[in-house]
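What TrEMBL lists as transmembrane segment is 44-66, 179-195, 215-231, 243-260, 266-284, 296-318, 384-407, 453-475, 487-506.
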Amino acid sequence: MMSIRQRREIRATEVSEDFPAQEENVKLENKLPSGCTSRRLWKILSLTIGGTIALCIGLLTSVYLATLHENDLWFSNIKEVEREISFRTECGLYYSYYKQMLQAPTLVQGFHGLIYDNKTESMKTINLLQRMNIYQEVFLSILYRVLPIQKYLEPVYFYIYTLFGLQAIYVTALYITSWLLSGTWLSGLLAAFWYVTNRIDTTRVEFTIPLRENWALPFFAIQIAAITYFLRPNLQPLSERLTLLAIFISTFLFSLTWQFNQFMMLMQALVLFTLDSLDMLPAVKATWLYGIQITSLLLVCILQFFNSMILGSLLISFNLSVFVARKLQKILNLKSDEHIFKFLKAKFGLGATRDFDANLYLCEEAFGLLPFNTFGRLSDTLLFYAYVFVLSITVTVAFVVAFHNLSDSTSQQSVGKMEKGTVNLKPETAYNLIHTILFGFLALSTMRMKYLWTSHMCVFASFGLCSPEIWELLLKSVHLYNPKRICIMRYSVPILILLYLCYKFWPGMMDELSELREFYDPDTVELMNWINSNTPRKAVFAGSMQLLAGVKLCTGRTLTNHPHYEDSSLRERTRAVYQIYAKRAPEEVHALLRSFGTDYVILEDSICYERRHHRGCRLRDLLDIANGHMMDGPGENDPDLKPADHPRFCEEIKRNLPPYVAHFTRVFQNKTFHVYKLSRNK
C-alpha cells in the first residue's frame with residue numbers, strides 16, 4: 001500500500017500540498033483532464049462544490065437541531081420562567097450569568113458583579129471568572145448589548161441560536177477533517193450524514209444547550225482539522241503559519257470554554273508523544289503543538305485570574321517534561337480536582353471508597369461504562385461496522401510502521417532505499433488513529449465522554465472508506481489490485497451507504513420534525529413563582545445542586561451550593577447541606593444550614609424517596625455510608641456501619657414534631673417540593 005513514512009526524508013511526490021488528497025497512491029491523475037490549466041480548474045471546481053456542500057450540510061444540521069428543540073418544548077410559546085426552567089441543572093447556572101450581565105446597568109457593573117459575586121455561594125464573595133468558564137456568556141451579553149438586535153431578537157434566542165450556530169461549525173469541521181484525510185469531499189459528506197443519523201450518540205445539544213461541552217467541542221473539532229492539515233508534509237511557509245494560528249486560536253477557545261479542557265488536551269499530548277516516540281511524527285511539528293497547548297492554557301489561566309486547577313494541571317506538567325528531555329515529572333498537591341482522581345481510583349478498582357464525592361460520580365449513569373446498546377444503534381447506521389473495518393486496517397499498518405521505525409532507527413541508509421511497495425502511514429493519519437483509540441477508551445470507561453469519540457468515529461470511518469490507500473492495501477491482499485478498482489471502491493461504497501442512510505432514516509427524521517410536544521413542569525413553575533412573590537430578594541436558599549441552579553436563574557436568590565463542583569470548599573459545603581437527606585437530628589441540620597446563612601431550605605420528594613438508583617447509589621445511601629450509618633431497606637451493610645441515632649430528616653420533618661417545628665416552619669408545599677423557613681434562634 002504505501003512506503004514507510006520517515007520524518008527524516010519525505011518525497012515531495014507522496015502528498016500534494018495544494019489539495020487534501022493522497023495522490024501518491026491514487027493513480028487517478030491520468031483520469032483528470034489533461035494539462036495544468038485543466039487540472040487547476042478541476043481542483044477549483046471540486047473545492048467549490050465540496051466547500052459549498054460543507055457549508056450547506058452544517059447549516060442544515062443546525063436548523064434541524066434547533067427545530068427539534070423547538071418542537072420538543074414549544075419554546076416559542078411557553079412563558080419566560082418555563083424557558084429558564086428548561087435549562088436544567090448546571091445549564092441554568094451558566095445561563096444565569098448571561099442574564100445577570102444583561103440586567104446590569106452598565107458593562108462595568110456587570111463585570112464587577114461577576115468578579116465580586118456574593119449570591120452564588122452565601123456568606124462568601126467569589127470571583128466567577130476565576131472559578132467558572134463563563135467568558136462565553138460575558139462575550140454574548142456584550143454582543144447583544146452592542147448589536148442593534150434588541151427589537152427583533154429576545155436575549156434567550158440570541159443565546160440558543162449562537163449554540164446551534166456552533167453546531168454548524170462543528171459539523172463543517174468534521175466534514176473538512178474527513179476530506180483532508182481522504183482527499184475527497186464525498187468522505188466529508190458521509191461523515192456529516194453519520195453525525196446526524198447517530199444524533200443520540202454524537203450530541204445532546206438540543207436538550208442541554210448551555211452545557212460547557214457544547215461550546216467547546218466545535219472549537220476542538222476545528223483544532224483537529226487544523227492539526228490534520230498541519231501534519232501534512234511540504235506545506236508552504238505561509239500555509240504553515242496560518243495553520244498554526246488556526247490551531248492556537250481554536251485551542252485557546254476550547255480551553256477557555258470548558259473546565260475539563262486540560263484532561264482532553266492531556267490525552268492529545270499523549271497522542272503526540274506516542275507518535276513522536278515511534279518516529280511517526282516530525283519532531284519540530286510536535287514541539288510546536290506542545291508549545292501551543294501550554295501557551296493557550298497559560299493564557300486561559302491569566303484570564304481566569306491564575307486559577308490553581310489550571311496551574312497544577314497534569315497537562316502543563318507533562319508538556320514541560322517533554323521539553324526537558326522527558327525526564328521531569330511534576331505533580332502538584334492541589335484540591336480543586338482531587339475528586340476526579342478519587343473517582344478514577346475507585347472506578348478502575350484501585351481501592352474501595354466511602355468518599356461522598358467519588359461515589360456521587362460513580363453512581364451517576366453518565367459516569368458509568370458505555371452501555372452496550374450504544375453499539376447496536378451505531379451498527380444500525382453501518383457506522384460501527386465501517387469504523388471497525390477501517391480501524392483494524394490502520395492499526396495493522398501502524399504496527400508495521402512502528403516496528404520498522406524502531407528496528408531501523410539506527411540505520412539511516414535504509415530509509416532512502418525503501419521499496420515502493422512497503423507500508424506507509426502518513427503523520428496526519430497516524431495522529432487521527434491514536435486520537436480515536438485513546439478517546440475510544442475514554443468513552444468506553446465513561447459514558448459522558450462518548451461525544452468526543454462518536455463524532456470522531458464518523459470522521460475516521462468515512463475517511464477509511466474513501467481512502468485510496470485503504471482500498472489499495474485491501475485489494476492487494478486479495479490479489480485484485482487495479483487502479484480502476486480503487487476508484488470504483490472508494491466512490492461506490494460511500495455512495496451506497498449514503499443511499500442506505502437516506503432510505504432508512506429520512507422518514508424517521510421527517511417524523512421527528514413533525515412531532516410536536518410541550519414543556520410541562522407545573523410544580524417547578526409554581527415553586528419559582530412562589531419564591532419570587534413571597535421571599536425577600538436577599539433570602540438564602542439551600543437544597544439540591546440541580547434545583548438551586550434553577551432558583552438562581554429564575555429568582556436571583558442567593559444559594560448555599562450549586563452544580564459547578566470543581567472546588568473543594570464547595571464540595572464540603574454541599575455535603576453539609578445534603579445532610580437534610582441524612583439521618584441527623586433537627587438541631588444539627590439547623591446548625592449546619594444556619595452556618596451558611598440559610599433562610600429557606602427546599603426538600604424534594606424525588607430525592608428523599610428516590611427509586612431511580614439501586615440500593616447503595618441513592619443519595620440517601622451515599623450520605624448514610626459517609627456518615628457511618630446503615631442503609632435503609634433489605635440488603636447487606638458493611639460490618640462497621642452502625643444504626644443511626646436519629647430518623648431520616650427529610651421524612652421526619654413532615655410529621656411536624658416539636659423538635660422540628662422549633663427550628664423549621666413549612667411555608668410552601670406541592671406534590672414535589674416542600675419549603676421550610678429556618679428559625680433564627682440557636
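The backbone N, Cα and C atoms fix where each Cβ goes, and this holds for glycine too.
Caution: TrEMBL annotation is automatic and unverified by curators.
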The transmembrane segment (243-260): which same-chain residues, six or more beyond its ends, come within Cβ distance under 8 Å?
132-133, 135-136, 212-213, 215-216, 219-220, 222-223, 226-227, 229-230, 235, 288-289, 292-293, 295-297, 299-300, 303, 309, 564, 566
Closest-packing stretch to the transmembrane segment (179-195), where packing means Cβ pairs under 8 Å, from 44-66, 215-231, 266-284, 384-407, 487-506:
44-66
Using a Cβ cut-off under 8 Å, which residues of the same chain at least 6 positions beyond either end of the transmembrane segment (487-506) come close to it?
26, 28, 31, 182, 184, 186-187, 189-190, 193-194, 197, 380-382, 386, 462, 465-468, 471, 475
